[in-house]
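Reviewing the structure listed below.
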Amino acid sequence: MPKYRSATTTHGRNMAGARALWRATGMTDADFGKPIIAVVNSFTQFVPGHVHLRDLGKLVAEQIEAAGGVAKEFNTIAVDDGIAMGHGGMLYSLPSRELIADSVEYMVNAHCADAMVCISNCDKITPGMLMASLRLNIPVIFVSGGPMEAGKTKLSDQLIKLDLVDAMIQGANPNVSDADSEQIERSACPTCGSCSGMFTANSMNCLTEALGLSQPGNGSLLATHADRKTLFINAGKRIVELTKRYYEQDDLSALPRNIAKKEAFENAMILDIAMGGSTNTVLHLLAAAQEGDVDFKMEDIDRLSRQVPHLCKVAPSTQKYHMEDVHRAGGVMGILGELDRAGLLNRNVNNILGLSLPETLAQYDVMLSQDEQVKSMYQAGPAGIRTTKAFSQDCRWPTLDTDREQGCIRSKAHAYSQDGGLAVLSGNLAQDGCIVKTAGVDEDNLVFSGPAKVYESQDDAVEAILGGKVVAGDVVIIRYEGPKGGPGMQEMLYPTSYLKSMGLGKACALITDGRFSGGTSGLSIGHVSPEAANGGIIGLVEEGDIVDINIPNREINLRVDEKTLAARREAQLARGDKAWTPKDRQRQVSFALRAYASLATSADKGAVRDKSKLGG
């Protein structure tokens with residue numbers, strides 16, 4: 001029978017000092033012996049996805065204490081990728097994931113907490129907490145802040161739906177008036193919550209449902225809706241049950257590594273492919289798998305991407321649907337239900353509710369459920385009122401969207417395409433693979449060839465795009481922006497947005513060893529591995545080289561012979577300690593970022609730290 005970790009600090013005469021300090025936090029004799037559960041919050045006023053979380057930790061803590069546990073709250077940092085984007089701040093975004101994972105480990109292990117409730121929401125916070133959870137392997141429940149309502153405004157007497165990406169694109173579009181640009185900006189992000197499309201934050205919060213570590217509705221129920229409060233209340237109650245199941249009944253099924261096992265990771269990736277999720281999820285799932293010693297690799301993603309159809313199309317791939325529409329159609333459980341009926345899921349998985357996948361779908365898939373409360377929860381809709389407050393409205397859609405032929409979520413027979421929303425490409429330009437969000441690629445661009453325009457920083461690429469130096473048919477190469485070369489693997493949302501602003505969104509390709517925002521669409525290929533800084537062939541591309549992209553065949557190649565590439569490699573090596581670094585880039589890199597770069601692996605490994613360099 002496992003012993004409560006917290007007993008290390010609460011039992012025994014030699015722990016009198018620790019108990020004295022616990023008493024100073026409000027604990028009493030009656031609390032010593034109860035499970036100490038960490039409420040891992042991520043409230044900050046910097047990030048709209050987290051601005052409403054201040055009181056939600058207290059809400060969870062109250063439920064923990066009422067159920068017989070002791071709750072202790074702490075906060076992690078949270079970076080807003082949208083605010084950090086387009087300048088040096090983006091260098092810090094991906095490295096913050098490791099900082100978050102480490103800070104959770106530090107706090108939980110230093111104080112011997114028995115379990116956790118992770119209150120996350122935005123891009124690197126959910127992955128960082130997920131990595132920590134699998135590293136620590138103590139009972140955990142994820143409950144996120146929820147998605148933002150989609151923006152809505154009238155332009156030319158037409159009501160349109162908006163999100164952050166629209167503000168970025170139209171802000172740089174010379175054909176959009178200042179007045180219209182300002183109106184879009186003011187309307188794009190109307191409420192608290194994670195940005196309203198299938199961007200990285202919402203993708204990851206959906207995947208925690210598929211992994212079995214969060215409750216149904218976690219990924220899609222709006223931040224502003226009163227029903228979301230129930231998820232927080234239930235998380236506080238349920239974590240005490242999970243904790244006691246493990247420590248008092250020796251029930252290993254309560255542990256995250258026994259919930260988020262390989263079959264669950266495959267289900268999460270299948271979901272991601274089916275819903276056209278952010279390419280960043282690939283990076284984060286690979287990283288989380290390594291933390292949990294799960295044998296889940298790029299090869300698995302490639303295999304799955306060839307089998308799974310595209311069942312759910314959401315912004316930025318279409319402006320018709322946002323997360324509020326996914327929720328109305330049944331959310332993650334609705335998509336999983338269609339995948340299950342298509343025979344594509346591993347059914348031998350369980351979750352924090354203690355239910356198998358078939359049991360969960362029977363209760364929470366709106367196409368199967370007879371539970372009126374479940375149906376009502378999926379009818380939770382937007383209010384259209386600007387607010388930063390959680391649970392501030394109780395609006396409902398009049399009906400559910402159960403149209404699996406023409407609705408937001410489709411059955412396999414009526415899929416948007418039989419090819420999934422993400423694909424792994426490989427070839428001489430990406431020998432260890434790269435990722436493209438096929439859900440956002442125009443059908444005419446699935447096979448594309450063109451001359452390379454080579455840039456050694458995102459800034460240079462943006463200047464060239466806005467300066468008219470990139471023309472239709474070009475393949476824009478942005479290199480030395482990988483985990484090591486950036487450092488920090490910047491998101492390339494501004495270059496892709498500006499290609500659209502210049503009318504080139506469907507006329508050019510963009511390839512990078514950096515990554516893309518979940519808001520990216522178009523022929524945007526990222527995570528090229530090995531990255532340029534690790535000697536990847538992307539570092540040998542020269543201006544005018546022809547690049548061939550074939551998404552149906554999963555190929556990406558540089559049309560340059562081996563002899564020429566060998567000569568270019570020799571020229572690189574002749575640069576000595578400057579080899580595999582950008583030639584003319586002016587960039588200030590702090591000590592903290594240099595430390596990150598010294599251990600960073602390429603994207604095909606999840607951009608995690610190279611344990612072999614630490615003797616691990």
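Any Cβ shown, glycine's included, is placed from N, Cα and C.
Some features that Swiss-Prot has for this protein:
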ACT_SITE  SER517  active site, proton acceptor
BINDING   ASP81, ASP123, LYS124, GLU491  Mg(2+) binding site
BINDING   CYS122, CYS195  [2Fe-2S] cluster binding site
MOD_RES   LYS124  N6-carboxylysine
Whole-number Å value for how far SER517 (active site, proton acceptor) lies from ASP81 (Mg(2+) binding site) (Cα to Cα): 8
Residues flanking the Mg(2+) site, with Cβ no more than 8 Å from the Cβ centroid of ASP81, ASP123, LYS124, GLU491 and excluding those residues themselves: VAL79, ALA84, SER93, LEU94, CYS122, THR200, ALA201, ASN280, SER517
Cβ neighbour count within 10 Å of LYS124 (Mg(2+) binding site): 30
C-beta crowding around SER517 (active site, proton acceptor), within 10 angstroms: 30
Fewest-neighbour residue among binding-site residues, criterion Cβ within 10 Å, set ASP81, ASP123, GLU491: ASP81
Greatest C-beta neighbour count within 10 angstroms, which of the binding-site residues CYS122, CYS195: CYS195
Spatial separation of GLU491 (Mg(2+) binding site) from SER517 (active site, proton acceptor) - C-alpha basis, Å: 5
Whole-number Å value for how far CYS195 ([2Fe-2S] cluster binding site) lies from LYS124 (Mg(2+) binding site) (Cα to Cα): 14
Assigned conformation of ASP81 (Mg(2+) binding site) - DSSP reduced to three states: helix
Pairwise Cα distance for GLU491 (Mg(2+) binding site)/CYS122 ([2Fe-2S] cluster binding site) [Å, integer]: 15
Pairwise Cα distance for CYS195 ([2Fe-2S] cluster binding site)/ASP123 (Mg(2+) binding site) [Å, integer]: 10
